[in-house]
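**Q** Questions regarding the structure given below will be posed in turn.
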Amino acid sequence: MQNQIIAAADGSALGNPGPAGWAWYIDENHWAAGGWEHGTNNMGEIKAVLDLFEATAHRAESKLLIYCDSQYVINSLTQWMPGWKKRGWKKADGKPVQNRDLLEALDAASTGRDYEMVWVKGHAGHELNEAADSRANAAAQAFKEGREPETGPGFPGSPSTTGEQSTPSAQAAQTPEAENHAHAQDPDTLAADAHLSLEDFTETEVERARQGFDSLKLNGILKPASAVAAPDPQAVQERKTKLAEASARAAEREAQAQQRVLAEQELAESEAEENEEFEGEGFEEAEQESNSQGSVTENAVPEEPAPDPTGTAASAPAQSDHSAPNPEDAVHAERELEMRGGSMSEPEISALLHERLVWVTATGRSVSRADTIAYRARAFTQQGSPAKQGVQVVDDHNVLIMAAVQTARGRVNRSSLWHYDTAAAPKSWRLRFRQETTAS
């Protein structure tokens, strides 16, 4: 008798929320799939593992080895559940755990079983994971097209009915859309003047931004020469004048380009709704446990960047190799990144991000440059113009931009350090450090 059952489980959502599917796969004679007309990626991931436990319940004496590309499901089952149950299925921040119905069923089905969860990178050629992924995606596509999915043979000998379609919880399925509509803003507000003095920030906000910047120097991330030299007072005044002029010109450029930007954003959002299968713990949804973060992982291969029809590699303002760095170009680059970052091609966004970019999210997670580029549609989710924004010239090669912004992950205070990269060709302003903190 086989002493170990080896399987892979995966979920898929076309829109997140949208048509969703799930599947587990052992071999061609042992697999199952199902889904919903309206669900989320995490719901599919949970249901796939749950159905696998239920389908193999009659083989409880066999160890179950499950390959899974979702850190959310692995952490939920192996780390977070005891705390959730102790708090009455509430997270550490007191908010209700999403997908509770599926998670409670998973908790019951896994109790007393000998199992091991093994994380595997999605779409990396793992045979079982690829088989489960293709079946989950096929189920989601079937629901999108209004037809019944292929449910598979299940696990012969199991008393349970595989391929059963569960009703998604209203809480899990409605939350993402509700949040998006709640934060929607009038397009006419997008061109509002965003440049305010640092005095508009509280002392706590300014101190927090300073601490983040100082930590870079203390840890040797920034070269001392980047921040030690005291700027010349006259030069500072000239830069302030340039920044004021840049603000006026930028507002005019935004008004002229607004329709084009909104059209590009609409197209990018439409494509994301059809291809979204990313869980993204680095830029996590609210359903992630804020005090128990796993490493940043991918649940889907990022889309191939669209070819740049102009043949240019980036949208960053060009700088003459012989001219002094102009701080207003850093301000323009910040605006461009927030307005178009999610829909930029890979060469475009790469030109705006420093090779050693460090991004600290509001949950305390550090996200790499590579992940920022790969998941830019999720990273750059600013909605409308900042509620307030301040610009401070640190020195000739560093500009600190502070902003209070609304994102898909909630309202945050953001500190962005733009560094004039003399090693780039051509020399240009690039985002070197970004830190976000939850707005009080």
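Just so it is clear, glycine is given a Cβ too, placed from its N, Cα and C backbone atoms.
Quick paste of what TrEMBL says about this protein:
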DOMAIN    1-141  domain 'RNase H type-1'
BINDING   ASP10, GLU45, ASP69  Mg(2+) 1 binding site
BINDING   ASP10, ASP133  Mg(2+) 2 binding site
REGION    135-185  region 'Disordered'
COMPBIAS  151-164  compositional bias 'Low complexity'
COMPBIAS  165-174  compositional bias 'Polar residues'
REGION    244-329  region 'Disordered'
COMPBIAS  256-265  compositional bias 'Low complexity'
COMPBIAS  266-288  compositional bias 'Acidic residues'
**Q** Which residue counts does DSSP yield for the domain 'RNase H type-1' (1-141) in the helix, strand and coil classes, in that order?
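**A** The domain 'RNase H type-1' (1-141) comes out at 60 helix, 43 strand, 38 coil.
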**Q** When neighbour density is defined as the number of other C-beta atoms within 10 angstroms of a residue's C-beta, which of the binding-site residues ASP10, GLU45, ASP69 has the lowest density?
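**A** With the binding-site residues ASP10, GLU45, ASP69, fewest surrounding Cβ atoms within 10 Å: ASP69.
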**Q** Enumerate same-chain residues with a sequence separation of six or more from ASP133 (Mg(2+) 2 binding site) and a Cβ-Cβ distance below 8 A; give 'none' if the list is empty.
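**A** Within the chain, ASP133 (Mg(2+) 2 binding site) has Cβ neighbours under 8 Å at ASP10, SER12, ALA23, ASP69, GLY122, HIS123.
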**Q** Any idea what the model's mean pLDDT is for the domain 'RNase H type-1' (1-141)?
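**A** Within the domain 'RNase H type-1' (1-141), the model's average pLDDT equals 93.
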